[in-house]
Amino acid sequence: MKLLTRPRLTAEEIAAARSAEVRADVDRARQLDALQRERAAADRAEERRAERDRARAEKRRRKALAKARAQRRARRRALASVVRTVGPLLLVNLAAIGGQAAYGFTRTPAAWPVLARLLVAVVYAATVESISLYVNWHAHDALLNDSPSTAAAMRRRAYGIAAVVAVVNYSHFDDEGWTPTPFAVGSGMASLLSPWLWGLHTRRAHDMQLLRQELRDETGATFDRRRKRAFPVRTWRAQRWSIEHSVRDPREAWTGYHAERAARLAALPGGRLRTALAVLRGLDLRAQAAPAEPTPEPVSLDDPDIQACAEVRERMRGIRDRYGAGAARIAAADRDPRRWIDLRAAGCGTSLTRRTSLRTCAALRPLRILRRWKLRSTVRRRMHRMRGPVRRGSTRRRYPASTTRPAATDVRRCRPGRRLGWPRRTTGLWPSTDARRSAGTWRRRRVCTCDREPVEARRRPK
C-alpha cells in the first residue's frame, strides 16, 4: 500500500521545488534570449558583410565604367587630333585622286562593266597620287631620325614628282590650248600641294621632338608690335642681336643692343656729324693704331755714360764699406746710453754728437721714435705701479698723502728712469723729448734738459 500512496511533502520541500522550477524557467528564458541575441547579431553581421560586398561590387563597376569612359574619351581625343591634323591632308589627296579617277573612268572602254571601269579608275588614280606621297614618307622618316640632308633631298624629289602629276591632272580638265578651268586648276593644285602639306606635318613633329629633347634652336627675343612701329630699324637690329647672343628676354636684348651701339658710336672719332662727313668723303674711319714704342738700342759697355755710372756705383760701394762699421757703432751707442758715457770719458762725446747728429738723423729717426715710445710706456707702467690703480672719474688723490709728487721738470728724473739706467740731468749729454698730445697725434720737440725749467716755474705768473 505504501507503493501506491505518494508521500506527503512538507511545506519546505514544496517551496524548494517551486523555487527550483522558477530558477529553471528563468535560466531557460535567459538562454533563449541569449540565443536570439546571438542570432540577431549574426544576421546583422551577415547583412553588413553582404552590404560591403555589394558596395565593393558597385564601386568596381563604377570604376570600370569610369575607366571605360576615360578610355573612350582618350580615343576620341586621339581620333579628333588625328582627324584635325590629317583630315585636311586626306581631303586634298581625295580631291586629287578624284580628278585622276574621273579621267581614268572616261578613258576606259565603254563596253566594260561600270564596276570594272570604276575599279580601274580608282586604282589608276591612287597609283599616280601615291608616288609623291611615298617619297615624302621617306623624307618624313629621315627627318624624325635626325637626318636632315636626306630628308631635304627626298622632299625635293617628292616636289618634282608632284609637279609632274599636277600638270597631268591639269591637262585632264583644261580647254583647248591649255586654257585654265576651275576644275583643272583645283585638281592640279591638289596634286601639287599634297607633299608640301604632308611636309608641314613632318616639320611640326620634328620641332616637337627637338623641343622635348631641349635641342630646338632659339629664335631670339620677340618684341611688341607697338615697339616695332615706333622703332622699326632698331627693333630689327635688336632682334638680330638677340639671335646672335641667344637672348630670349626682350628687355635684356633691347638693353644689350643699345649698350653695344653706344660703345660702337663712342669708338668712332668725332661724333656722328664728323663720322657722317667722313663717310661722305670716303675717309677711313678705322681707329689709328697706337704707335709702337721704339725699340731700345743695344747697350754698349764702351759708352762713356755707362762707364761713369759704373764708376759712381763703385765709389758709393767703397764709401758704404768704409763708413758702415762706424755708423753701426753709432746706432748701437744711440740705443745704449752707457756707450755714450764711455765715448764722453774718452773725450769725443760732444764732438761726435755734433758730427753725427745731422748724418744719422734721417736714418735713425724711426729707431729713435720706437725707442722713445717704449721708454715712455715703461715709465707709465712704473709710475702706475707706484701710484696704484685709479678709477676713471675718481675724486681721490692720485698720490698717497705720505708720498711727494715728483717734479714735472723731466720724466727721466723720476725713480723708474734711474732704475732704467738713464744718466742724471747734470751730464748734459742727453736730449729729452717733450711729448704733448694734440689732435690725436704726438708732437715731439727736441730740447736740452739742462735748459728746461720746472713746469711749476713756467706756469707761475710773472
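In case you wondered, yes, glycine gets a Cβ from its N, Cα and C as well.
Taking H, G and I as helix, E and B as strand and the rest as coil, DSSP gives the compositional bias 'Basic and acidic residues' (38-56) the counts 19 helix, 0 strand, 0 coil. Annotated compositional bias 'Basic and acidic residues' per TrEMBL: 38-56, in sequence order.
Outside the compositional bias 'Basic residues' (57-67), and at least 6 residues removed from its termini, no chain residue falls within Cβ reach (under 8 Å). Taken from TrEMBL, the feature compositional bias 'Basic residues' covers 57-67 (among others).
Annotated compositional bias 'Basic residues' per TrEMBL: 387-399 (among others), in sequence order.
According to TrEMBL, the region 'Disordered' annotation covers 38-67 (among others).
Here TrEMBL flags 387-436 (among others) as region 'Disordered'.
Annotation source TrEMBL lists transmembrane segment at 82-103 (among others).
Residues or ranges marked as transmembrane segment by TrEMBL: 115-137 (among others).
Nonlocal intrachain contacts for the transmembrane segment (158-173), taken as residues 6+ away from its ends with a CB within less than 8 angstroms of a stretch CB, comprise 96, 99-100, 102-103, 128-129, 131-133, 135-136, 139, 180-181, 183-185, 187-196, 199. As annotated by TrEMBL, transmembrane segment applies to 158-173 (among others).
Distant neighbours of the transmembrane segment (179-198): 88-89, 92-93, 95-96, 98-100, 129, 132-133, 135-137, 140, 155, 158-159, 161-163, 165-173; these residues of the same chain sit at least 6 beyond its ends, with a Cβ under 8 Å from one of its Cβ atoms. Residues annotated as transmembrane segment in TrEMBL: 179-198 (among others).
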**Prompt:** What else in the chain is close to the transmembrane segment (115-137), if you only count residues 6 or more beyond its ends and a Cβ gap under 8 Å?
**Reply:** 93, 96-105, 108-109, 154-155, 157-159, 161-162, 165, 168, 191, 194-195, 198-199, 202
**Asked** Going by DSSP, how much of the compositional bias 'Basic residues' (57-67) is helix, how much is strand and how much is coil, in residues?
**Response** 11 helix, 0 strand, 0 coil
